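These come from TrEMBL:
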type: REPEAT; residues: 45-77; note: repeat 'ANK'
type: REPEAT; residues: 78-110; note: repeat 'ANK'
type: REPEAT; residues: 144-176; note: repeat 'ANK'
type: REPEAT; residues: 177-209; note: repeat 'ANK'
type: REPEAT; residues: 210-242; note: repeat 'ANK'
type: REPEAT; residues: 243-275; note: repeat 'ANK'
type: REPEAT; residues: 276-308; note: repeat 'ANK'
type: REPEAT; residues: 309-341; note: repeat 'ANK'
type: REPEAT; residues: 342-374; note: repeat 'ANK'
type: REPEAT; residues: 375-407; note: repeat 'ANK'
type: REPEAT; residues: 408-440; note: repeat 'ANK'
type: REPEAT; residues: 441-473; note: repeat 'ANK'
Amino acid sequence: MATTAVEANAMASALWEAAMAGNTAEASRLLDAGAPLNCKHVAARGRTALIMAAWRGRKDMAELLLDRGADMEAKDRDGSTALVIAAERGHKDVLEVLLDRGADLGARAGGGRMALIMAAGRGHKDTVELLLDRGADLETRTGDGRMALILAAERGQEDTVELLLDRGAGLEAKGRDGSTALVLAAWSGHKDTVELLLDRGANLKAKTRFGSTALIMAAGRGHKDTVELLVDRGADIEAKTGGGRTALIWAAERGCKDTVELLLDRGAALEAKTGGGSTALILAAERGHKDTVELLLDWGADLHVRTWDVRTALIRAAWCGHRNTVALLLDRGAALEAKDKDGSTALVLAAQGDHKDTVELLLDRGANLEAKTKDGSTALVLAAQGDHKDTVELLLDRGANLEAKTKYGDTALMAAASRGHRDTAELLLDRGADVEAVDRYGDTALMAAASRGHRDTAELLLDRGADVEAENHAGDDALALCTSDSCSEVLRSAERLQRCSLLLLPELAAPVLGLVLLGPVDQRSA
């Protein structure tokens, strides 16, 4: 009697279980009963019984399945054959069976992974040796350009690296990004592997396509022991990446204090600069690595050096909101009112970035509350523009000028209104901001909100007495500038009411306007 689909699926499932367990007797029984030999397990990455046996290292099971006609080159969902899986798992005996049966040594899984490369990356030295004896290509590469030697070195598989070198692997071969085995071993901090590669003559000056040497890579990862070894072996301590970073700069930027100290002890240039003019101190400060900043200052790092955008270490630290680092820099004498190329001080940038704690510290240290950028923006204007309500409140509590204007005539209220920051606008109004202040074009906060369709903000401004009929220098009122139908509706209602209110006593006009804007339901509740 023919096997039904349900029965076939049940037998396939049982065969997979038997294959993983190495139960050859049960597998034989199932195959005799008609179990599908090459069926793929959907829930197990599409693996066949043979692939599962290879994965678990079941040599006898692999032989049985092959004797029964299993497809040796079947692939799972990742593109791996039984050979690739056995090599990756280091099951040498299963691998030998597959090779004896003619399995394809050049089969590739996803990403171009091959048996030799996978075995080398996992450090299965005996398996690698078998594959090489059977003709595996030492120079074959994965999709990203990695070869067996490169992957083994990156993972610190020292014995496997030694074997591959003994068999003729290219010591200076590079991956797609230009990394050699030495560079990647250093990046991963595998000191013993680095030492082996150096003993075999690896080029200390080799660079990736981004310009990183082994020393730079090790320093950026904080591998102090590896850095020390490389320096002892003659690595160029002042070599630079394409962006101009030295080993010291990389280590400082990553906050690798011990490595920074080692490099300084070995003579690294304290004031070396990147292409953008950043020193180790500036980048450590920007990242908030206080301990590293302190170390660099103890060594005499220049507090006042500036980057391409004329920013000091203090400005960069404040811009990123690193309060403790800012405090340290100020304690060491950083210039509180230094400005960058846009005229921004540390306070202005901290406020713009909504770093309230840093703003508070800078104010406590005497920062100029009304300092202006080149376009005339104060800390308050920029905080309002960014909808940083808590920072705005702090600045107001410290006495910031509500009506300070940029060179375009924008106040903090206008900056908030033009971006639809209703809550911040409300705070400013509660603190007494002039709702009718105008910019250089004669635009009010209401016009700014209307021109960008911010209905809620426009309603707030109208409720606070904004003149809906006010005109700018071009003769346009808020309605003429409005870009939103819903906002236009609000403005028209307010315009009609404002005209009617001229017939009312002045003291009644504002309450009536508020009732109309609230709508009928709110009127009843009022």
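Yeah, the Cβs are placed from backbone N, Cα and C, and that goes for glycine too.
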The repeat 'ANK' (210-242), counted residue by residue under DSSP: helix, strand, coil: 16 helix, 0 strand, 17 coil
Tertiary contacts of the repeat 'ANK' (144-176), defined by C-beta under 8 angstroms and 6+ residue spacing from its ends, are 111-112, 116-117, 119-125, 128-129, 132, 138, 182, 184-185, 187-188, 190, 192-193, 196-197, 200-203, 206
Where else in the chain does the repeat 'ANK' (375-407) make close Cβ contacts, counting only residues six or more beyond its ends and a cut-off under 8 Å? 342-343, 347-348, 350-356, 359-360, 363, 369, 413, 415-416, 419, 421, 423-425, 427-428, 431-434, 437, 439-440
In the repeat 'ANK' (78-110), how many residues does DSSP put in helix, strand and coil? 18 helix, 1 strand, 14 coil
Near the repeat 'ANK' (309-341) in space but 6 or more residues beyond its ends, with Cβ under 8 Å, are 276, 279, 281-290, 293-294, 297, 303, 347, 349-350, 353-355, 357-358, 361-362, 365-368, 371
For the repeat 'ANK' (45-77), what are the DSSP-based totals of helix, strand and coil residues? 17 helix, 1 strand, 15 coil
Count the residues of the repeat 'ANK' (144-176) that DSSP assigns to helix (H, G, I), to strand (E, B) and to coil, and report the three numbers in that order. 16 helix, 0 strand, 17 coil
